[in-house]
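Participant: Per TrEMBL, the feature domain 'MTTase N-terminal' maps to 3-118. Marked as [4Fe-4S] cluster 1 binding site by TrEMBL: Cys12, Cys49, Cys81. Marked as domain 'Radical SAM core' by TrEMBL: 136-369. Here TrEMBL flags Cys150, Cys154, Cys157 as [4Fe-4S] cluster 2 binding site. What TrEMBL lists as domain 'TRAM' is 372-433.
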Amino acid sequence: MSKKLFIQTLGCAMNVRDSERMIAELTQKEGYELTNNEAEADLILINTCSVREKPVHKLFSEVGGFVKNKKEGAKIGVCGCTASHLGSEIFKKAPQVDFVLGARNVSKITQAIKTPKFISNDINHDESEFAFAEFRNSIYKSYINIMAGCDKKCAYCIVPHTRGDELSIPFEIIKNEVTKAVLSGAKEVFLLGQNVNNYGKRFSKEHRKMDFSDLLNELSLISGLKRIRFTSPHPLHMDDKFLETFTSNPVICKSMHMPLQSGSTQILKAMKRGYTKEWFLNRALKLRKMCSDVSISTDIIVAFPGESDEDFNETLEVMKELEFEQIFSFKYSKRPLTLAASMPNQIDELTASKRLKTLQDLYNSILDKISKKQDGKVFEVFFEELKENNQIAGRSDNNFLINVNGSEELLGCFKKVKINKTSRTTLYGEIQD
Ligand code: SAH
Ligand code: SF4
Ligand code: F3S
């Protein structure tokens, strides 16, 4: 009987891709088989996130649960961003953990499972050219890493301490990976990095000069590839060339993530974001003008140290002006190793909660307005996921989630859909003949 692997993934798309790689290495090189049941697993992996304090607490409660439920002799491995920055502290806090494997050390998973109390958490370990085995959760949509790490030092953010310095993956490797994914059925790829539009700044070996716009244009020529998405670009690097490429290349989906974080230039400066409110507005308004059907999503942090009511109001003003189609909003969370953790003017929890609620209420009213506006419109939808009640879900080019009545044979297909019902988060429609 084959050995069973249970894996839990917290955090962002990069972690999802890292988990796919660990599954690939373990199933293809070590004979494991995936299971959804931790109690029957021989190996339990948790791929952790450190970006806010909550998921770190979750790690230790989850490990406690695994210890209780696991079968005798089963191993527990802690991987990902929390493994990177806590390292051997994890063994001290949770002695039942068998190994600790940091975020940029995924290629060592086969070694980790065979070595007692293995630990590897070098945040600058270079695996940009490692030949990983292949496994993907979806055959229709593939995550493709284009870079590791991040060279920015945003004052609130732990990611540079968990994923190290920025390192771009050579073009030929990315191209091969996209081509392989397309040959196995993918029509859409999602390019991943913490600063994707800074692609090409540093490679581990000599590489021809290439920026993110060049990368997008070259990948868009791959035959059979219908859609390219990417996350996260940085507002600072949204130069005219990038906006023009984004607008003019039909393979690039018209959905842009523009992480604002704050609408106050003073707070942006304290956050070390490198741009002002005016620059952000200039880029977003230019994009809306160049590309009328673009949808823009953003990330916002409320209650960063020193954020006054006026600063917070500026964030609300930017939201009203730009009417983002999607917002991911967070209360500031104090993280170890970051500059902001030692800032004196931390904001109390009650104020933070109130601000988050105000922001989310405003967002909901914007979203209701945006959703209603889509009624009667026709979108080209790529169907990706079967739902209950004979529904199937897909995304428009500009990333609206759209459900229609339909079954399995629509998976992986593009169809024109006319919207006939809207809700805050989902549009519903009918396929047009
Ligand atoms: N590289 C991306 C962000 C990666 S982290 C970028 O620059 O936009 C994803 C999001 O988590 C961030 O955009 C930010 O909004 C949020 N975040 C990061 N650190 C945080 C912290 N300490 N507290 C609250 N939210 C945080
Ligand atoms: Fe964190 Fe800033 Fe890097 Fe994004 S750009 S990962 S927020 S340090
Ligand atoms: Fe992603 Fe969380 Fe790490 S957001 S980069 S898994 S800290």
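Yeah, the Cβs are placed from backbone N, Cα and C, and that goes for glycine too.
Remember, TrEMBL labels are computer predictions, not curated facts.
Surface or core, plus neighbours and distances: that's what I need for these features.
Facilitator: Taking DSSP states H, G and I as helix and E and B as strand, the domain 'MTTase N-terminal' (3-118) has 59 helix, 27 strand, 30 coil.
Looking just at the domain 'Radical SAM core' (136-369), the mean pLDDT is 97.
For Cys154 ([4Fe-4S] cluster 2 binding site), the number of other Cβ atoms no farther than 10 Å from its own Cβ, over all displayed protein chains, is 22.
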Participant: Once Cys12, Cys49, Cys81 are set aside, which residues in the chain still have Cβ within 8 Å of the Cβ centroid of the [4Fe-4S] cluster 1 site?
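Facilitator: Close Cβ neighbours, site residues excluded: Leu10, Gly11, Met14, Asn15, Thr48, Ser50, Val51, Pro55, Gly80, Ala103, Val159, Thr162.
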Participant: List, in residue order, those binding-site residues out of Cys49, Cys81, Cys157 with a Cβ under 6 Å from any atom belonging to ligand 1.
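Facilitator: List returned for ligand 1: Cys157.
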Participant: Take the Cβ of Cys81 ([4Fe-4S] cluster 1 binding site) and count every other Cβ within 10 Å, whichever protein chain it belongs to.
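Facilitator: That number is 29.
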Participant: Looking only at C-alpha atoms, tell me how far Cys81 ([4Fe-4S] cluster 1 binding site) is from Cys157 ([4Fe-4S] cluster 2 binding site), rounded to the nearest Å.
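Facilitator: Cα to Cα, Cys81 ([4Fe-4S] cluster 1 binding site) and Cys157 ([4Fe-4S] cluster 2 binding site) are separated by 12 Å.
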Participant: Which chain neighbours of the [4Fe-4S] cluster 2 site, leaving out Cys150, Cys154, Cys157, have a Cβ atom within 8 Å of the mean position of the site's Cβ atoms?
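Facilitator: These residues sit around the [4Fe-4S] cluster 2 site: Lys152, Lys153, Tyr156, Ile158, Val159, Pro160, Gln194.
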Participant: Of all the binding-site residues here, Cys12, Cys49, which one's CB has the most other CB atoms within 10 A?
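Facilitator: Going through Cys12, Cys49 one by one, the largest Cβ count within 10 Å is at Cys49.
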